[in-house]
């Protein structure tokens, strides 16, 4: 715009700020700027009230803001720096660096509100993204350019699994990653940053060689920031996809907080709540974000999203709305974590669209279904075992139970990022070895080995070595 229109603050209620303009009103989603305690405060237009007033959502704290303060219309939506200048850096929702490493320098900017790619631009090929984590690669494989949801209640290991995926894929992957911390713990964000420095994902001495950009809007931020920080992260990922033409990884921890912040904003704007108190625009908000995460002819964005499940209820509107957009779901189960099996992935609840013989091949598909079949048989026998004991089972069922218990333990795996908890080095297992190992267990080739040998190891060779160690200790 040639001349920036000026307005003034007329009302401040928490994160909602009303601004009066005597000239024309700025369009919905435009960014307005004012000064608060000597710092730039960005407001996003959410509603038009009458002929001269707009209702806006603040992207930072409004303490100290006064009525009558001057507000400037920037003439465009919130725009953030993108490209190589952001690598190795931590940005906030409006693209300001918050890692005390100085300015970003010359960087091109991009608006955080973008249309989703058109049908003509989208790519439709399916290819497996190997993570090195056995239970995921075998039973619910991730697709390149797909959307993956990590579902779980509080404290079952969503963030640890995301950190392991970043660790594994950054080591073997030449592409870029973007991590959006949406409404999660600042301490975890800090830990993640320092672990990335230690593992070499962020090169602190030469930031331009780093492989990841971080965008944080944590729990202590106002709802406006938490509702927009996922879009800021996605905008960075879109730029990397378009400029490099490679597979970009986009991690969101936690997508539920995006919905939660949207609910807070909706209530502040006076909208009538929908089911369970969520915003009436829940599906629209989620769709606007998720439809932008896709593969185009230029490259792809593979998204891994941690999804907190309130009270472990998968039918809650927030996780239920996320389900519709996902290609693969990794469900983390409290019952499995209580057995000490980590990652606590539920092998029967977790699903993947690409677990199809035409995509992963006949052998992989058949082994995965055989593993699930044995585990399902064990699950259906558990009531009988609890009431009558193992002795009442047929010989065939006893064998199924023994194999299922070995498979259950074999699906556990030590992680690099969890070394501080377990004391053992993490392992990444190639897909071919995962398939071959489970095929042998299903076929009964290792029925003679003890259950304990299958716990927290890599492939079948590690099981044999552990069994020999256990036998030597017992002797």
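Along the chain as shown, the residues are counted starting at 1.
Placement of Cβ uses the backbone N, Cα and C atoms for every residue, glycine included.
According to Swiss-Prot, the protein has these features:
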BINDING   152, 153, 154, 155, 156, 157, 158, 159  ATP binding site
Exercise. Given the recorded ATP site (152, 153, 154, 155, 156, 157, 158, 159), which additional residues of the same chain have their Cβ within 8 Å of the Cβ centre, ordered by sequence?
Worked result: 308, 332
Problem set entry | Same chain, 6+ residues apart, C-beta under 8 Å of the C-beta of residue 156 (ATP binding site), given in sequence order | 332, 333, 334, 337, 344
Exercise. How many neighbouring Cβ atoms, not counting its own, are there within 10 Å of the Cβ of residue 152 (ATP binding site)?
Worked result: 27
Exercise. Including all protein chains shown, what's the count of other C-beta atoms within 10 A of the C-beta of residue 153 (ATP binding site)?
Worked result: 16
Exercise. For residue 154 (ATP binding site), which residues in the same chain are close in space, meaning a Cβ under 8 Å from its Cβ, but six or more apart along the sequence?
Worked result: 308
Exercise. Using a Cβ-Cβ cut-off under 8 angstroms and a sequence gap of six or more, which residues of the chain neighbour residue 157 (ATP binding site)?
Worked result: 332, 337, 342, 343, 344
For this session: Give the number of CB atoms, excluding that of residue 155 (ATP binding site) itself, located within 10 Å of its CB.
Result: 10
For this session: For residue 158 (ATP binding site), list the number of other Cβ atoms lying within 10 Å of its Cβ atom.
Result: 26
Exercise. What residues, ordered by sequence, lie under 8 A Cβ-to-Cβ from residue 159 (ATP binding site) and sit at least six positions away in the same chain?
Worked result: 184, 188, 253, 306
